[in-house]
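Sequence annotations record features per position, and here TrEMBL assigns transmembrane segment to B:12-28, B:57-75, B:82-101, B:107-131, B:191-210, B:242-258, B:310-328, B:334-354, B:366-389.
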Amino acid sequence: MQTTILDILEDLTASDEVRNNLDLNLFETGLLDSMATVQLLLELQSQCGIEVPVSEFDRSAWDTPNKIIKQVERLS
Amino acid sequence: MPNLQPYQNPTYFVWLIGGLIPLMIGLLRGKRWRLYETGLSLAFLLLTFGAEKYHQGLALVAYVIFEVALLYLYLHYRQKHNSGWIFTAAVALAIAPLVMVKLTPFIFGKASLLGFLGISYLTFKVVGIVMEIRDGAIKELKFFELVHFILFFPTISSGPIDRYRRFLSDYQTVVSKDEYLEMLEKGVHNIFLGFLYKFILAYLFGTVWLPQVGHLALAHGGFSWWLVLYMYVYAMDLFFDFAGYSLFAVGISYFMGVKTPINFNKPFLAPNIKEFWNRWHMSLSFWFRDYIYMRFVFFVMKNKLLQDRILISQVGYLVLFLIMGFWHGLTWYYIVYGLYHALAIIICDMWLRFKKKHRLPHNKATKALGVVITFNTVCLSFLIFSGFLDKLFF
């Protein structure tokens, strides 16, 4: 699961920083924005089979690779 | 009975603080005295919407009955079914009163009887709930808390726009004494900063200087340095007036044990326009981001209506800012203001992609340059927004 998520993030951010630092703040660094967030939600749906409605997406709970992994584990 | 508009004069603050003291004592002792709080809320709503403004009060009551009934009906429907058309109809009905209030002066040349102070902000909150019911994020509504959320008096006139689930969790828990003391400290800080912003700085910029500079710019006509000065003075007035109000609303919410989200975070220091919208009128721009932009992008991508992702995001920005423009009012300068910001953010995104691709340098000097460019771009947009150009050229 973790590898899938990191692959998605690396692809979306076009950067391998997400692999090297799992506590990197993706929004403050500008690596993710709302557009990329929606892509992330859609990829999670197609690759991991979990549905995350936009309402459940609270930036502060999804702002680092580690937190995203935790959220996906909680929801799957 | 007197009529007092929120945060407009010292009398309002004296009454407000006086009324809040029992509630604060309760919260300090770990109790939320709901009955008292409800009475206090009603009293302050009456102060604002009573006496000579009673027609607004009646419109408010009718509005709340309509929207609450709509929310319950939609929730009831959503528990068994989930049609996109019914959802769209629910959103359309939720915004219908606001649309009528906005259209009436345009069509009939006079204010609508359905209008009242803060109708936009109440509508944002209600539409947010409709969308979260659709997503299944809200599965039940608590009548008393829902009405209290919609009518939360510290933020009733101009926000900040809170979210139902966030508000509910604050309202249902009473924070520890230490945490509440910290909130009181923040509240006091906000209110005093608000006094500085609204009653000193906004007064100087808006009431003292703006009319003088405006007069000189009009006397000169066309483009002049007075117009440039007007632009900056107006931007400062707009900021200090609204940020001051928002500080009051957040500060008073904190006194009531509710962490209403902040609205401004040093917007004029934003290094680019995208970041500016993360710092300016934040509760509104986040509302537009979460409930319009992200949902639009999600819908388009999921249904594969467009392929090019960059194009999708650009169309999303146009949709967002055009709606924002129309919401401000049906006047050319509000629509142009919306378009201007959509274009600014599209250009900003192009630049950010270019910068990333070519690994352009990023240091203190480039950031400072970014701040200067952003500030001026924004001030120009506010000059459009002010309607002053309409007076000057038409």
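Glycine is no exception: its Cβ is also placed from the backbone N, Cα and C atoms.
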Same-chain Cβ contacts of the transmembrane segment (B:12-28) under 8 Å, 6 or more residues past its ends? 4-6, 36-37, 40, 43-44, 47, 174-175, 177, 180-181, 184, 252, 255-257
Folded-back contacts onto the transmembrane segment (B:242-258), same chain, C-beta under 8 angstroms, at least six residues removed: 6-7, 16, 20, 23-24, 27, 32, 37, 152, 154-155, 157-160, 162, 167, 170-171, 174-175, 180, 183-184, 186-191, 193-199, 201-202, 264, 281
Between the stretches B:82-101, B:107-131, B:191-210, B:310-328, B:334-354, which one has more Cβ pairs under 8 Å with the transmembrane segment (B:366-389) than any other? B:334-354
Of the stretches B:57-75, B:107-131, B:191-210, B:310-328, which racks up the most C-beta pairs under 8 Å with the transmembrane segment (B:334-354)? B:310-328
Stretch winning on C-beta pairs under 8 A with the transmembrane segment (B:82-101) (pool: B:57-75, B:107-131, B:191-210, B:310-328) is B:107-131
Cβ contacts under 8 Å made by the transmembrane segment (B:310-328) with residues that lie 6+ beyond its boundaries: 102, 120, 284, 288-289, 292-293, 296-297, 300-301, 334-339, 341-342, 345-346, 349, 353, 385
Checking distant contacts: for the transmembrane segment (B:107-131), what same-chain residues at least six beyond its ends satisfy Cβ-Cβ under 8 A? 5, 48-49, 53, 55-57, 59-60, 62-64, 67, 70-71, 74, 87, 90-91, 94-95, 97-98, 100-101, 138, 141, 146, 149-151, 155-159, 161-164, 284, 287, 291, 295, 327
